[in-house]
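Structure record follows, encoded as structure tokens.
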Amino acid sequence: MDLDEAFLYVGEFGWCQKRLTGFLTLLQIYVACQSMLIVLVGAVPEYLIDNEDISTSKEDYIKHLHDANNFTSIVSEWHLIKHEAYKVNLASSLFFAGLLIGNVFFGPLSDKLGRRPVYLSGLFFDIIFGYFTALAPSYEVFAVSRFFVGVMNGGMALVSFVLTQEYVGKSYWALTGSLTNLIFAVGIAFYALLGFYIRNWRTLAFVANSPGIFFLLLSFVLPESPRWLYSRGYTAEAEAVLESMAAGNGVERPVVRLKSCPGTTANSAHSVFDLVKYGVLRWRTILLMYIWYVCSLVYYGLTLNAGELKGNLYLNVALYGLVEVPAFPLCLYFIEKSWSGRRRATAGFLVFAGFACIFTIFVPETNGDFINPTVLALFGKLSVSAAFNVVYIYTSELYPTVVRNAGLGVCAMACRFGGILSPFIPAMKSFNPSMPFVAFGISGISAGILSLLLPETRNKPIAETIEDLQSPAYQLLSRGNEVLAST
């Protein structure tokens, strides 16, 4: 039997896979806490300088500085105000730079060495550098530790997402992918709750990092991805993992015998360069990189342009996470419909997000009706969140197993560039107040239209090797499944 037939025999989403994927999706709470750490740890307290006619030296500012807040942050401890205020944003930028590097290197590394060892190593060092963050004796140590947390967190989270997908049958990839992103949004709200009760920034960083130990210890029982084992020629090992899953799913005396996987062996060399070497992957990668870049640009740009919410800091952080929750049931509904699928859902959500940005230009700020700029901006954020969710799932299905993590890593790298660029788009307001929303709108609409050039993957077999994508038999089977699904 081939791998997809084996999953049907074993159970595509049995009790064993539910435990494995449930554990890895809960890991996203830890990932979210690390990703959002700077929001509360770097919060700027209200402060008063009792003598504004002092020199610009830091020592003089400290003597005349007073604050009346009931929380601490790196700003209050290291007095990152006035000419040193930029250091908070610098630490945040270093974290995102680390994410970019982690996405680039961890993807190909896990395609070569295996998902499990790369994931475990990344999580271990993520925890180590997380404690360096909490115990940092100076801003410089804090900033460097945030960079390395970004490297490990971004790479580890990427590999754990792929593991979550590859533990289950292909028909459940949409569900597990959506759950991963849903729990991340819930994790943001959980971090806000921690911050509400823990007002000391060092204690907060320590507590937010500590669940990683729990996840690391339990992660040692995770098996290697059977899809990766099969794609690399470790057929016997893949059979053993599948038989273990079958036993966990209640199959009595399971016996799995896989066909040898054509086109690859344990010594096959696959790298990120395969994404440009083969034409079928080259154009997919170019289109996907642009789509990921736009998703990130519009998502973070809308967050900045919607304006800062007034009121309780911790409630605001929670709302920024929970506003994404409705995107996930919408995503699950549309991507499984024959008239929508992955491709049209991606296009639709991106186009809706783009038009929401453009329509914001024509609605007066003083409009008291239901349709106002804030509502349109939030609708745009909801739409682009749904697009982000679909794109994660869609990208996993477009790449064969042997280069799946490499493909996801390159796309995630493009995504980080969008996130880095998005804070600079609001500066375009100095030329025209409408220009940022025009830029976001055009980007969203163009990415939505270009996504229609990608092939649909709904109800199509997963390619294990690059040769699978190029074989006439695979293409014929894909068309046959598409016809059957539409009848």
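Glycine is treated like the rest: Cβ placed from N, Cα and C.
For the transmembrane segment (23-43), the residues of the chain that approach it from at least six positions outside its boundaries are 71, 73-75, 88, 91-92, 95, 126, 130, 133, 146, 149, 153, 156-157, 160, 163-164, 167, 176, 179-188, 190-192, 194-195, 201, 204-205, 208-209, 211-212, 215, 218-219, 222, 313-314, 317, 321, judged by C-beta separation under 8 angstroms. Taken from Swiss-Prot, the feature transmembrane segment applies to 23-43 (among others), supported by sequence analysis.
For Asn70 (N-linked glycosylation site), the Cβ neighbour count at a 10 Å cut-off comes to 7, with all displayed protein chains included. Annotation source Swiss-Prot lists N-linked glycosylation site at Asn70.
Taken from Swiss-Prot, the feature transmembrane segment covers 90-110 (among others).
If you look at the transmembrane segment (117-137), the same-chain residues 6 or more away from its ends with a CB under 8 A from one of its CBs are 34, 37, 102, 106, 109-110, 145-146, 148-149, 152-153, 155-156, 159-160, 163, 202-203, 205-206, 208-209, 212-213, 215-216, 219-220, 222. Per Swiss-Prot, transmembrane segment is recorded for 117-137 (among others).
According to Swiss-Prot, the transmembrane segment annotation covers 141-161 (among others), on the basis of sequence analysis. A Cβ distance under 8 Å defines the sequence-distant neighbours of the transmembrane segment (141-161), meaning residues of its chain 6+ beyond its ends; these are 24, 27-28, 31, 34-35, 37-38, 74, 87, 90-92, 94-103, 105-107, 109-110, 115, 118-119, 122-123, 125-126, 129-130, 132-133, 177, 180, 392, 396, 405, 408-409, 412, 416.
Taken from Swiss-Prot, the feature transmembrane segment applies to 178-198 (among others).
Annotation source Swiss-Prot lists transmembrane segment at 203-223 (among others), citing sequence analysis.
The feature transmembrane segment is assigned by Swiss-Prot to 286-306 (among others). Non-local neighbours of the transmembrane segment (286-306) in the same chain are 320, 346, 350, 353-354, 357, 374, 377-378, 380-381, 384-385, 387-388, 391, 395, 398, 407, 410-419, 421-423, 425-426, 436-437, 439-440, 443-444, 446-447, 450-451, 453-454; each lies 6+ residues outside the stretch with a CB under 8 Å from one of its CB atoms.
Taken from Swiss-Prot, the feature transmembrane segment covers 315-335 (among others), and the record attributes it to sequence analysis.
The transmembrane segment feature in Swiss-Prot is assigned to 345-365 (among others). Same-chain neighbours of the transmembrane segment (345-365): 291, 294-295, 298, 302, 331, 334-335, 371-373, 376-377, 379-381, 383-384, 386-387, 390-391, 394, 434, 437-438, 440-449, 451-452, 454, counting only residues six or more beyond its ends whose CB sits under 8 Å from a CB of the stretch.
The transmembrane segment annotation in Swiss-Prot covers 374-394 (among others), and the record cites sequence analysis as its basis. Packing against the transmembrane segment (374-394) from elsewhere in the chain are residues 161, 173-174, 177-178, 180-181, 288, 291-292, 295-296, 298-299, 302-303, 305-307, 323-324, 326-328, 330-331, 334-335, 342-343, 345-346, 349-350, 352-354, 356-357, 359-360, 363, 411, 440, 444, 448, 454, 457: each is 6 or more residues past its ends and has a CB under 8 Å from a CB in it.
Same-chain residues lying 6 or more positions outside the transmembrane segment (408-428) and placing a CB less than 8 Å from one of its CB atoms are 93, 96-97, 99-100, 103-108, 154, 158, 161-162, 272, 275, 285, 288-290, 292-297, 299-301, 304-305, 391, 395-396, 399, 435-436, 439-440. Annotation source Swiss-Prot lists transmembrane segment at 408-428 (among others).
What Swiss-Prot records for 435-455 (among others) is transmembrane segment, and it gives sequence analysis as the kind of evidence. Taking Cβ pairs closer than 8 Å, the transmembrane segment (435-455) reaches residues 283-284, 287-288, 290-291, 294-295, 297-298, 301-302, 305, 343-344, 346-351, 353-358, 360-361, 380, 384, 387, 394, 398, 425-426, 428-429 in its own chain, all 6 or more past its ends.
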